[in-house]
Amino acid sequence: MFGRKIKLFTLFGFEVSIDASWIIIVVLVTWSLAVGFFPSYYPRLDVPTYWAMAAVGALGLFASIIFHEFWHSVVARRMGLPMRGITLFLFGGVSEMTEEPRSARTELWMAAAGPFSSILLGFAFWGVYRWGDSVGWPAPVLGVTAYLAFINFILAAFNLLPAFPLDGGRIIRSLLWRWKKDLTWATRIAASLGAIIGAILIGLGLLNMLAGALVGGLWYLVIGIFLRSAAQSSYRQVVVRQRLQGERVRDLMVRDPVTVAPDLLLTEFVEDFIYKHHHDMYPVLDNGRLVGAVRIKDVRTVPREERGWRKVADVLSPFTAELVLPPDMDLGEALDRMTTSGNSRFLVVEEGRLAGLITLKDVSTAVSVRLQLES
Ligand SMILES: [Zn+2]
C-alpha cells in the first residue's frame, strides 16, 4: 500500500510482513492506550503500569489482526486461491491474494472468515476476563484482557462495514455477484457504498473536530479518506483486469527492443543509448545470447571519471527471474507483477531467448485506450 514492506516471520506457510506505516500506528495506539484508555477505566494505577499495559495491549492488537488475516488466508487457500502472505498496514491487514476470487461463493466464505474469527477471539478474551475476575487477577492484567476482548469486537465491526474493499463490502459484492452474475457491476455498487461510507466518516470526523474532539475526529477523517481511496482503486483494479482478460504479454510486448553489447563502454552507453532512447533498462546481448540487463541505476554505481574505461559487463544485472516475464503470461497478472515488484520494465524471454520487452507504460496505455473507446 505505502510501499516499504518489512518481513517479520512465516506462519504456517504464510509470510507475515508489516508496512512501514504500521509503525506509526503502533506508536499511536500504545500512546493513546497509555494516556487515555487505561487511565480512564483503571484510575489509581501508576504511570509505568499504564505504559506496560499499553505495550501488551498494542502487541495483543497486533496478534489479533494477524489472527484475523490468518483465517482469511486459510479459507482462501482451502478454496484453491494462492495466497502470498499477510501484510499489516494502516488500520489493519491485507491478505495478499495473487488473483481475485473465482466465484461468488469463494469470496463470501473468504470475506466472512476474518470477522467471524475476530468475534470468536473476542468472546474467548471476554471469557478469560470473566474467569480472571472471579479468581482475583490483578487489575492491570484484567484491564489488558478486557481491552483485547473489546478490540476484537471492534475489529469485527469495523471490517463488517458494508464498504468495499473491507470484508463487509466484499460480502455484499459476493451476494450481488451471485445475484446478477456480473462481477464488474457488483464491484461498482460495492465500491460506491465504500465511497459513501468513507464520505460519512469524513463528515463525522469534521463534526467531531469542530466540537472539540480533535483526536477522535482525526481518526474518523483519516479512516474515511483511506476508505474512499481504497474503494476507488480496487474498483479500478477490477475494471482494468477485466479489460485485459484473455490478453497475453506477447500481444503488447515490443518485439525488437534496443539492446546493448556487454563490451560497450559506459560513457558510450550513456551517450548513444540512455540520452537517445530514454529507456531505463536495456537487455544485454552477447552475440545474440541474453546475459542480463543494464539499468540507469547500475551506471550510477560507477563514479563519472571511471565510466570512460568501465564496461556494461561490469555493472549489468545478471539474467534472473525477477527481470523476466513469460510471453504467455496473462496481462492482468503481468500488471500485478509490475506493481508489486516496483519494476516497470521486464524482459520477455522464451526458451532462453529474448523475445521482447514489456513496460508498465505499454500496459497502462493499452488499458486507457480500451476504456476511452467504451466511454
Ligand atoms: Zn478482514
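Backbone N, Cα and C atoms are what each Cβ position is placed from, and that goes for glycine too.
Keep in mind that TrEMBL annotations are predicted by a computer and have not been checked by a curator.
Per TrEMBL, active site is recorded for Glu69.
Annotation note: Asp167 (Zn(2+) binding site) sits in a helical segment as assigned by DSSP. The annotation Zn(2+) binding site is assigned in TrEMBL to His68, His72, Asp167.
The domain 'CBS' annotation in TrEMBL covers 253-312 (among others).
Per TrEMBL, the feature domain 'CBS' maps to 316-375 (among others).
Feature annotation from TrEMBL assigns transmembrane segment to 20-38 (among others).
Summarising the annotation, TrEMBL assigns transmembrane segment to 50-71 (among others). Here the transmembrane segment (50-71) has Cβ contacts under 8 Å with residues 11-12, 14, 16, 26, 29-31, 33-35, 37-39, 42, 86, 88, 92-95, 113-118, 121, 140, 143-144, 147-148, 151-152, 155, 159 of the same chain, all six or more residues outside its ends.
Annotation source TrEMBL lists transmembrane segment at 108-129 (among others).
Residues or ranges marked as transmembrane segment by TrEMBL: 141-164 (among others). For the transmembrane segment (141-164), the list of distant contacts is 33, 37-38, 41-42, 53, 56-57, 60-61, 64-65, 68, 91-92, 114-116, 118-119, 121-126, 128-129, 132-133, 170-173, 187, 190-191, 193-194, 196-198, 227, 231, 234-235: same-chain residues at least six beyond its ends, Cβ to Cβ under 8 Å.
Same-chain neighbours of the transmembrane segment (185-204): 161-166, 169-170, 172-174, 176-177, 179, 217, 220-221, 223-228, 230-232, 234-235, 238-239, counting only residues six or more beyond its ends whose CB sits under 8 Å from a CB of the stretch. The transmembrane segment annotation in TrEMBL covers 185-204 (among others).
According to TrEMBL, the feature transmembrane segment maps to 210-227 (among others).
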*Write down the Cα-Cα distance for Glu69 (active site) and Asp167 (Zn(2+) binding site), rounded and given in Å.*
11
*Mind checking which residues reach the transmembrane segment (108-129)? Cβ under 8 Å, same chain, six or more beyond either end.*
64, 67-72, 74-76, 79, 81, 101, 142, 145-146, 148-153, 155-156, 159-160, 167-168, 170-171, 174-175, 178
*asked:* Across the domain 'CBS' (316-375), what are the DSSP residue counts per state (helix, strand, coil)?
replied: 29 helix, 18 strand, 13 coil
*Reported in the order helix, strand, coil, what are the DSSP residue counts of the domain 'CBS' (253-312)?*
21 helix, 17 strand, 22 coil
